[in-house]
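Written below as C-alpha cells is the structure these notes are about.
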Amino acid sequence: MKLSLTIVSSSFLVAIAHAASVQFNLIAPSATDVKVSVNGQQVALTASDPNVPYFTGSAEVGGTEESFERSLAGITNSTFNDFYNRPVTYANLPQLPWPIENDPQWTRKGKKAEIFDDNYIPSVFFHGDDSQVQDLVKNVPKDKVTGTLTFIGSNYVHSFANVSFGIHGAGKKHNNAKQSWKWTLSGTDTMGNRNHFKLRHMEEDPTQIRERLYADILHAMGTYANETTMVRLFINGQGFGTFNMLDDITEFSYINAMFYGGNPPATLGPLFDGASGADFIYHPGNLDGYSSWKPNKDNANGEGYEAFDPLCKAWNETDYTDNTAIANFEKMFDTEHFLRFMVIEYLTAHWDGYWMGQTNDGAYRDPSDNNKWYFLDQDFDATFGVNLDVPENKDFISVSYKDFPSRYPAGVMANGLLQNADKKAKFEQYLTETVRVLFNNVTLTNRVLAIHNFLSPDLEWDRSIVQQSPGTNFGWTFEQTSQNLWQGVSAPNNNGGGAEWGLVEYIAAKSQAMAKEFNITIVSEPVGPPAANGTATSTNDGGNTHTAAGESKPASSSESSGSKIASQSVSGASRSAVSTVLLGVTALVATAIF
C-alpha cells in the first residue's frame with residue numbers, strides 16, 4: 001500500500017507582488033517544536049506521522065518585492081522539502097557531456113525517475129517493530145523486518161506499508177559496521193518504476209563520491225547503468241548516515257525500469273549476477289563451468305547458468321578479425337554498450353570489475369530484442385585508485401589498454417573484440433573523445449567539486465554517527481572527505497582502507513597519461529550535454545541544465561501507482577539543529593534564527 005504527496009510547482013518565479021499563503025515544509029529529525037516566524041509572528045508547523053519528522057504548515061506572507069528569486073509562488077505557494085540545518089536544499093550540479101555521437105543516450109528507460117534527481121538529497125525513514133529492528137541492527141541477521149517506509153523527495157512524499165527491509169549482504173565475513181541496506185516494496189507498489197532498492201554504505205571511499213560519479217559517467221556514455229543518488233537513512237527515528245541509493249542489477253526491478261520503462265513484457269528473460277569467474281569463457285562439456293553466473297531465483301522456468309553455453313560457444317568459435325563473423329555474433333550479444341562499459345572500466349582502473357577481475361558483472365537476455373544478451377556492470381566503489389593493488393603502484397595510470405589482453409587474459413569478451421580492427425578503432429575513438437571532453441581535470445573535476453560542496457554538510461553529519469552494528473570501521477573523518485579529493489589518505493583505525501589516490505588527483509593523472517599516449521587536446525572549459533540547437537553547452541558557471549538552490553524547477557509528476565494526496569516545492573535557507581526549530585521569515589525571505 002502506498003500513499004503519495006505531490007504538488008505541482010511553477011517552472012519559473014520572479015518576486016511575488018501580492019500577499020499569499022505559503023506552505024512551509026521541513027524535515028527536522030529530533031525536533032519536538034517547529035515554528036516559522038513571519039514578520040515576527042510565529043506559526044507552528046506540525047507532523048502528521050509521529051514516526052516521520054516531516055513538518056508542514058501555512059502562513060500568510062506579504063508582497064514586498066525582493067532582490068532575488070524564491071520558489072514560493074506559482075500554483076503551489078509551497079517550499080521545497082527543506083532539511084534542517086542544510087544550507088542548500090536544491091543544488092545546481094553541472095551536467096556531463098555526451099562523448100558518443102551515434103546513439104548517445106540509452107532511451108529505453110524513458111524519463112529519468114524523479115527519485116534519482118541528483119540535485120536533491122532525499123530522506124528515507126523506515127519504521128518497524130522495535131525489537132526486530134534492534135536485532136537487525138545489533139546482530140545483523142539475514143532476516144527481514146516488515147514495516148513502513150517514507151521517502152521524502154524535493155517536492156513530494158511517498159509512503160509505503162508492508163515494506164520488507166534488511167541488510168544487503170548480511171553474513172559476509174568483512175562487512176562494515178556501517179551496513180548496506182535494501183528494501184522491497186509490497187505487491188504492485190513501485191517508486192520510479194522500481195520495487196527494489198539497495199543502499200550502499202560507501203565506506204571504502206572517504207569522499208563517498210566515486211561510485212555515484214562512475215554511474216554518472218556511464219549515463220553520459222549512453223549506457224543502461226544503474227541509477228544512483230545519495231540519501232539520508234533513518235531507522236526507527238535514529239540517523240544511520242548517508243548512503244548511495246541505487247538499482248540492484250541482479251533484481252528484475254532494475255530490468256523493468258531501465259530496459260522497459262516500467263512496462264515489461266509478460267515474460268522476462270533470464271537475469272544473472274556475475275560472481276568471481278563470470279568471464280564468458282567457453283566450457284565444452286562442462287556446464288558447471290558457468291556456475292559463476294548466479295541465476296535470479298525468479299527466472300522463468302528456473303533457467304540457470306547453462307544458458308551461457310550457446311553464447312560462450314558462439315564467441316569461442318567467432319573469428320574476431322572477420323567483420324561478418326562479429327556481425328553474426330552481435331545478433332546474440334550487445335557489443336556496442338559493452339565497449340562503452342569497458343572504456344570506463346579501463347579509465348577508472350575498475351580492478352573489481354569484468355576486464356581486470358571477471359567479477360561484479362551480470363547479464364540479461366532480452367526477449368523483446370530477439371533474445372540478445374546484454375552485459376551488466378555493478379559495484380563501482382573500487383575505482384579511481386581505491387585499493388588499487390598493482391605492481392606498478394601509481395605508475396599504473398600509464399599502462400595502455402593495449403596491454404590489458406595480455407595482463408588479464410580471462411577477460412575474453414573485451415580481449416576478443418579488440419582483435420577486430422573496427423571494434424578496436426571504435427573503442428579507441430570512445431576512449432579518446434571521452435578523455436577530451438569529459439574524463440579530465442576540467443569537466444569531470446568541475447562536477448566532482450560541485451557534488452562535494454553540495455554533500456559536505458551531510459558528510460559531516462554522517463561522520464559524526466557512531467554505527468551500532470558489528471563490523472569493520474575504518475574511522476574516516478569528515479576532514480578526510482575533502483582531503484581525499486586531492487591526495488591519498490590512510491584509515492585512522494589502521495585496519496585497511498586503501499585510498500592511496502585522491503579522487504581529483506587520479507582524474508588529473510589518468511587524463512594526462514591518456515592525452516600523452518594519444519595526443520589528445522583536452523577542453524579548456526567544462527563541457528555539458530548538447531543544448532537544443534545540437535551544440536555542447538559550457539558548464540563553467542556550474543551548469544545550465546538545472547536551476548540553483550532558491551530557484552524554482554519544473555515539476556515532475558509521480559511515476560508510481562497509488563493515490564496522490566498533496567505535494568511540496570523548495571527553498572535554500574540555512575537551518576540549525578536544535579530540539580525547538582524556529583524559522584524566521586520576513587515577507588518571502590526564509591532565514592534561520594539561532
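For all residues, glycine too, the Cβ spot is worked out from N, Cα and C.
Taken from Swiss-Prot, the feature signal peptide applies to 1-19.
Per Swiss-Prot, the feature N-linked glycosylation site maps to Asn77 (among others); the stated evidence is sequence analysis.
The N-linked glycosylation site annotation in Swiss-Prot covers Asn162 (among others) and rests on sequence analysis. In the three-state DSSP assignment, the secondary structure recorded for Asn162 (N-linked glycosylation site) is strand.
In the three-state DSSP scheme, Asn226 (N-linked glycosylation site) is classed as coil. When Cβ atoms from all protein chains are considered, those within 10 Å of Asn226 (N-linked glycosylation site) total 24, not counting its own. Taken from Swiss-Prot, the feature N-linked glycosylation site applies to Asn226 (among others), supported by sequence analysis.
The N-linked glycosylation site annotation in Swiss-Prot covers Asn316 (among others). Non-local neighbourhood of Asn316 (N-linked glycosylation site): Ile281, Tyr282, each in the same chain, at least six residues away, with C-beta under 8 Å from its C-beta.
Look at Swiss-Prot and you will find Asn441 (among others) tagged as N-linked glycosylation site. Classification of Asn441 (N-linked glycosylation site) by DSSP places it in coil, neither helical nor stranded. Counted within 10 Å of its Cβ, the other Cβ atoms near Asn441 (N-linked glycosylation site) come to 17, all protein chains included.
In sequence order, no residues are near Asn519 (N-linked glycosylation site), counting only same-chain partners six or more apart with C-beta under 8 A. If you look up Swiss-Prot, you'll see Asn519 (among others) marked as N-linked glycosylation site.
Annotation source Swiss-Prot lists region 'Disordered' at 529-565.
Annotation source Swiss-Prot lists N-linked glycosylation site at Asn533 (among others).
Swiss-Prot lists 534-547 with the feature compositional bias 'Polar residues'.
For 548-565, the entry in Swiss-Prot reads compositional bias 'Low complexity'.
Annotation source Swiss-Prot lists GPI-anchor amidated serine at Ser571, citing sequence analysis.
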Cα separation, Asn441 (N-linked glycosylation site) to Asn226 (N-linked glycosylation site) (Å, whole number): 25
Among all protein chains shown, how many Cβ atoms are found within 10 Å of the Cβ of Asn162 (N-linked glycosylation site), not counting that one? 15
Using C-alpha atoms only, work out the spacing between Asn441 (N-linked glycosylation site) and Asn162 (N-linked glycosylation site) and round it to an integer in Å. 46
